[in-house]
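Input: a single structure, listed below in structure tokens.
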């Protein structure tokens, strides 16, 4: 089974490279309901997660959409340099060993073995294209734009005008190419060449605030270290048994190392996203329950790194929140449509600031079973092409003429402060416990960036003071509760 991945070179496509039942009898190839595709953490393909229902949820009776604001992650990408350098050798050895194990006894079903037997690393996937957007990633963004244009036809109508559309991306190939794919979905093939987008400023506190926060870096190291919830989970009997079960199922008389298992897990997820709906041979080596355990391990990291488990997460998204509130708070004027092309971390931080999808109990190393139906699942929060859209509706309603709807991956977001899915504008502004009140003052991201000194978040008050005192925002500011 040989594949070729098409990557996107800033809009030009070139050739490059390119689960579960809980017992040993599971056969990935024959499974008609591969639910594990939706549990690949942040490497989950967008098509598996997005809302595929009709556009009914976007309709608001007696209202018309007048403003649109979007925060969107880049689409499916290739591996990074580190993985491209060592994965081919590691995976070739593992494949050969699994096939040899099968010679002495049947380890996995014949259909799955055939997938592995014909698998080859595509030699076109080199470090020259590390992290590049793939053709599947291009299509994720292009198709998203096409669907949004259909849903909000009155708002997106007409040809491109620079004053009506504001786009911005971070300084990576995959976000630039994602913007271009999105522009192509809105305005036609090749239209990105005449669509303007703002590049990344020197200090991108709008889309990369965590880059300028030492506390975030310190916490990031801490949550992976000894004694962290992730570390304790990896030492637990459940996780160790999972490693043993994977090893035994593949015919090894000893336990594989965690690195070996993660090599197979990582390539399974990437390869499945590249070739969906075709099958990745490396996903066949895991059962569905084993995938769930591996996903939970990753969720423990993201939860305490950029999710509700990190006390400063909501504060770090202050500038992003301020930008959204400024845009939605304007009854008229241009631009009407704003879209930012970014990465997973800011989307997770932003969702925390919104107070979205918060579990009543935190994720821990010892409550895996209790958290099977958790709200925080990185595959649902930030798959490839993850997006949060906020839409302002002008309504024929004297009491509440302005309504806001929030969408995560094209699904309506509900909150404990707005359970209907359609929020009154006053209601959005009156939610100081969820939306950091420092972000409700209508400050532009340009003002924030020009004033920012960057490294003032060592204490919890740092971001509060920068948002509150420097820009004259509400004295009622309270740090977001996470």
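Just so you know, glycine gets a Cβ as well, placed from its N, Cα and C.
Since the structure is predicted, the reported quantities are computational estimates derived from the model, not experimental observations.
Listed in sequence order, the residues of the same chain lying 6 or more apart from residue 395 (disulfide bond) and placing their CB within less than 8 Å of its CB are 60, 62, 63, 401, 402, 403. Under the heading disulfide bond, TrEMBL lists 63-395 (among others).
Around residue 268 (disulfide bond), a 10 Å sphere centred on its CB holds 25 further CB atoms from the protein chains shown. According to TrEMBL, the feature disulfide bond maps to 268-283 (among others).
Cβ environment of residue 423 (disulfide bond): 403, 404, 405, 406, 415, 417 lie under 8 Å away, each six or more residues apart in the same chain. Positions annotated as disulfide bond by TrEMBL: 418-423 (among others).
Annotation source TrEMBL lists signal peptide at 1-19.
Distance noted between the C-alpha atoms of residue 268 (disulfide bond) and residue 418 (disulfide bond) is 38 Å.
Each of the disulfide-bonded residues 63, 283, 418 was assessed for Cβ neighbours inside 10 Å, and the highest tally belongs to 283.
Reported as a whole number, the C-alpha separation between residue 418 (disulfide bond) and residue 283 (disulfide bond) equals 39 Å.
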